């Protein structure tokens, strides 16, 4: 799933002349991100609920997500009449994953990690987004409003809530510091984040309704303020740990750049309202400045964890994580720069971002093929052989 997602990222920048922007967007979101996030939720949920890992049959939900994503790409690129089929498969995948997380919650001994709530809300957001675009297809007069609702619930709801919840749990592990306030922050902030997503999504939809469009814009601003509250609180928490995540090497720096890209989305939205940024360029900014550093940073840390799972293989795992993290901060900064340029309409920025992803992919293949390259020699045991 991670490899497929990286290939979709490269396609987004390299195939701009071959496919329409909407088709390339679905290559990233539907084919790459949808199944990857579904797998991420199923992978982390047992840890958050202190329950048994998922049975192999639960892999059917990410597989269905991939099928739905491929259908969505084909629908947007070639045949829109098949849209209900694509969304139907997607809804089935979401309901299956959501049911599994709810069952894990019920099986939890004690209270689950509050990050699980963010995952459940993310899946619910995607469900609303899929239903909305189906309604727009069946009721053409509502297309603009339903498409706006679909975009907001998918991007800020499904992707945004998953990412903001995960990074607050993952970044301390990657950077090697303790975030004592993470659990309380996640528990306190989810209503603000969910309310912000809902406000911006409904506001964006109402803005397309004649006669009440101004109320939609007001609701969008209220939603944006609510959405920014968790980001500001998390930024303050990160500032207290700036020494732990300082420097420009390692996966943690790439994740940190992703948080900056997500925060910058609010600024780009303001520039759009002022007429400085074309609204159609917000999506490339979102992909490049936020998703690309987020996924590459997470994969740099998690891929060795997925491959070398047993205790005797920990030296390979740790060194491969080090090799994959080399240049992580510089990659993150390059993504931020390319994202901002893409937001202001510089077409070459997409190709630049694709080249940075290709750099990471080549580095990843090399690191995973040579996991002990440059590793310090093993120290003899003080207890003998």
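Any Cβ shown, glycine's included, is placed from N, Cα and C.
Residues or ranges marked as transmembrane segment in TrEMBL: 23-46, 58-76, 82-100, 121-139, 151-178, 190-209, 215-234, 255-277, 283-307, 328-345, 351-369.
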Among the ranges 23-46, 58-76, 328-345, the one whose Cβ pairs under 8 Å to the transmembrane segment (283-307) are most numerous: 328-345
Intrachain residues whose Cβ lies under 8 Å of the transmembrane segment (121-139), provided they are six or more past its termini: 34, 37, 41, 80, 83-84, 87-88, 90-91, 94-95, 97-98, 101, 145-147, 149-154, 156-162, 165, 190, 193-194, 197, 201, 205
Cβ-Cβ under 8 Å with the transmembrane segment (82-100): same-chain residues at least 6 beyond its ends: 34, 38, 41-42, 45, 54, 58, 60-62, 64-65, 67-69, 71-72, 74-75, 120, 123-124, 126-127, 130-131, 133-134, 137-138
Recorded stretch, among 190-209, 215-234, 328-345, maximising Cβ pairs under 8 Å relative to the transmembrane segment (255-277): 328-345
